[in-house]
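Copied from Swiss-Prot, the annotated features are:
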- 1-46: transit peptide (TRANSIT)
- 59-83: NAD(+) binding site (BINDING)
- Lys73: N6-acetyllysine (MOD_RES)
- Lys103: N6-acetyllysine (MOD_RES)
- Lys103: N6-succinyllysine (MOD_RES)
- Lys132: N6-acetyllysine (MOD_RES)
- Lys177: N6-acetyllysine (MOD_RES)
- Ser195: substrate binding site (BINDING)
- Tyr208: active site, proton acceptor (ACT_SITE)
- Lys212: N6-acetyllysine (MOD_RES)
- Ser219: O-linked glycosylation site (CARBOHYD)
- Ser246: phosphoserine (MOD_RES)
- Lys258: N6-acetyllysine (MOD_RES)
- Lys259: N6-acetyllysine (MOD_RES)
- Lys259: N6-succinyllysine (MOD_RES)
- Lys280: N6-acetyllysine (MOD_RES)
Amino acid sequence: MLAARLSRPLSQLPGKALSVCDRENGTRHTLLFYPASFSPDTRRTYTSQADAASGKAVLVTGCDSGFGFSLAKHLHSKGFLVFAGCLLKDKGDAGVRELDSLKSDRLRTIQLNVCNSEEVEKAVETVRSGLKDPEKGMWGLVNNAGISTFGEVEFTSMETYKEVAEVNLWGTVRTTKSFLPLLRRAKGRVVNISSMLGRMANPARSPYCITKFGVEAFSDCLRYEMHPLGVKVSVVEPGNFIAATSLYSPERIQAIAKKMWDELPEVVRKDYGKKYFDEKIAKMETYCNSGSTDTSSVINAVTHALTAATPYTRYHPMDYYWWLRMQVMTHFPGAISDKIYIH
């Protein structure tokens, strides 16, 4: 039946017309999808949770705010022993103080800068000493720590590219490598927080996209290598949650923009002009003020990856517009996605 269906000409397959709208300029394009390869109504469920969380140790990086802060509290409520890695614990950050105020022996904040090898190794020792039986290992690692920026390629300094990569990519690699011995002993889980921009590129986001594409590749390689050892590796690819994570305030956007413009080579400023530059900054401000403020879909995805007997390889917590755009940009010829989304 399937072979017969696949052998039929595409024109004979029952299709569904779908109108795609580009939010940036309102342009609509009609695409024809075929159920044999695509079903827009199919939704994943997280009903296969089987592994008990009680007492299992999990380290989450980047818990000062955003996803990490919410994850630390949520996983603690589920019964995990949570080690919350915080960049600003030594500075008494408000997020750290709130986590510490729970006064639970199952939620412990630790100083952790994922760019600092010494701090990462100290975190390993802290976790190991906090385990009931270190020989049984640690159940989960959630690589959540990350930073973001914006700016077209000619507007972005090499220092910015390196800074974003050091946190998002090398921080993930560094932390994972250090904790793998404990994770292997438990046959546990690695959950890497990537982004929809780790699957599809976007203008003015190249420093971020590069690092998240790298996280995707690293996660795939690690998944292949860990499979025979019983460690499961998942990637969570959130959509636009900037409004929920407070990555960009209007003041921060303007500060970044001013620094960027001031540091541009004279030839770049002259060729592009201030009007073009300001238009791009205004577009970034609009994007940063949009998106979901409810992070529960991301929290639920990470929880499933840590607790399901058979976790998914990839999770896509995002609204329908971004999910559809990702399908178009990753499954269709580049000429089609370029026509829809490049202006």
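Going from the start of the chain as shown, residues are counted 1 onward.
Just so you know, glycine gets a Cβ as well, placed from its N, Cα and C.
In this structure, the C-alpha atom of Leu75 (NAD(+) binding site) lies 24 angstrom from that of Lys212 (N6-acetyllysine). The modified residues examined here are Lys73, Lys103; by Cβ neighbour count within 10 Å, the least packed of them is Lys103. Other C-beta atoms found within 10 angstroms of the C-beta of Cys63 (NAD(+) binding site) number 33, with every protein chain shown included. Across the structure, Lys212 (N6-acetyllysine) and Lys177 (N6-acetyllysine) place their CA atoms 18 angstrom apart. Cα separation, Phe83 (NAD(+) binding site) to Ser219 (O-linked glycosylation site), rounded: 22 Å. Of the recorded residues, the residue listed as 'substrate binding site' and Gly79 (NAD(+) binding site) place their C-alpha atoms 27 Å from one another. Lys177 (N6-acetyllysine) sits 14 Å from Leu59 (NAD(+) binding site), counting Cα to Cα. Phe67 (NAD(+) binding site) falls within a helix when secondary structure is assigned with DSSP. For Leu59 (NAD(+) binding site), the nearest neighbour among the listed recorded positions (Lys73, Ser219, Lys259), judged by C-alpha distance, is Lys73.
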